[in-house]
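Chemist: Please find one structure pasted underneath; my questions will follow.
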Amino acid sequence: MSVTGRQLCAEAEERLRAAGIDAPAGDAQVLFLHALSQSLDRPVPRHALREHLAAAVPTGLEAIYEPMIAARAARQPVSQITGRRAFWKHDFRVTPDTLDPRPETELLVELALTEHFDSVLDLGLGTGAILISLLAERPQARGMGVDLSAAALDVARGNAQIIGVKAEFAVSDWFSSVSRKFDLIVSNPPYIALNEMPKLAPEVRDWEPRMALTDDGDGLTAYRALCAGAPAHLTPSGRLMVEIGPSQGEAVAELMRAAGLVEVTVRQDLDGRDRVVWGRKPASRSA
Ligand code: GLN
């Protein structure tokens, strides 16, 4: 008798559990839906799962599903295997060249949207999740996204096109290719200190781009560059807004104050951990 979706998922679940995966049943099902979509050559929605679990699997499905489960058992993130991750109001394409958009980063988007801006710069934009979400909410605003990784920029460009926002993209080492001023500068830079790297989950440490995670130093290198360059690239009263690791609030706030930014504020994510720091360039005296 041919194998059902349920049997296939149960086997996959066991394999993922043995590999130390936290939520093996959920991952096995998400990947099953992804394999089904490929095998049937059409998107299979989540609500169709029950029906597909009860049915015999289509010919060829096992050959598509098996390498996905093998990749997950090797701790590749589900989003890299499916190539997608939901963030704010859109689905973003992700690859091994980009940091996976994370829910806590939505706080940065939420806080950025509390004020008007006509222009926004995202430094180290990765998938473009922050910049593209902001531009989708503020279609009149002009946007620029830069990254040191040309491969990441390609992913961001593709996401902007699919989601339907326009922006300028450039390879840049922080501000090196940026000559204009912006009302809002955002960044989720690499902030994990070198000595914290061994503690990361294998999904992050072994699969996400190292340059998006760590400065190979104390975790503050990027903030030094961002704070030093921000005043020259912000319009009067413009804001610099960055994501941080939970222990970095005071250090990053101090870097912003030292750079001459005012109203420096640290905000907590839904888990109550310090997650976003922002500061404002003083309004010019003549204004
Ligand atoms: N938030 C990510 C993590 O802890 C790190 C992202 C970053 O360094 N910007 O996995």
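Using N, Cα and C of the backbone, Cβ positions are placed for all residues, glycine too.
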Chemist: Can you tell which of Asp118, Asp147, Asp206 TrEMBL lists as binding S-adenosyl-L-methionine with Gly124, Leu125, Gly126, Thr127, Gly128, Trp174, Asn188?
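Modeler: S-adenosyl-L-methionine site check in TrEMBL: besides Gly124, Leu125, Gly126, Thr127, Gly128, Trp174, Asn188, the record includes Asp147 out of Asp118, Asp147, Asp206.
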Chemist: Are any of the binding-site residues Gly126, Thr127, Asp147, Asn188, Tyr191 near ligand 1, with a Cβ under 6 Å from it, and if so which?
Modeler: Asn188, Tyr191
Chemist: Of all the binding-site residues given, Gly124, Gly128, Pro189, which residue's CB has the most CB neighbours within 10 A?
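Modeler: Comparing the binding-site residues Gly124, Gly128, Pro189, the most crowded Cβ belongs to Gly128.
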Chemist: Other than its own, how many Cβ atoms are within 10 Å of the Cβ belonging to Trp174 (S-adenosyl-L-methionine binding site)?
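Modeler: The answer is 20 other Cβ atoms.
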Chemist: Just to be sure I understand: of Pro189, Pro190, Tyr191, which binding-site residues have a C-alpha no more than 10 angstroms from the C-alpha of Gly124 (S-adenosyl-L-methionine binding site)?
Modeler: Pro189, Pro190
Chemist: From the centroid of the CB atoms of Asn188, Pro189, Pro190, Tyr191, the recorded substrate site, which same-chain residues not already listed sit within 8 A by their CB, in sequence order?
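Modeler: Neighbours within 8 Å of the Cβ centroid, excluding Asn188, Pro189, Pro190, Tyr191: Gly124, Ser187, Ile192, Ala212, Leu213, Ala222, Val242, Glu243.
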Chemist: Reduce the DSSP letter at Trp174 (S-adenosyl-L-methionine binding site) to three states and note it down.
Modeler: coil
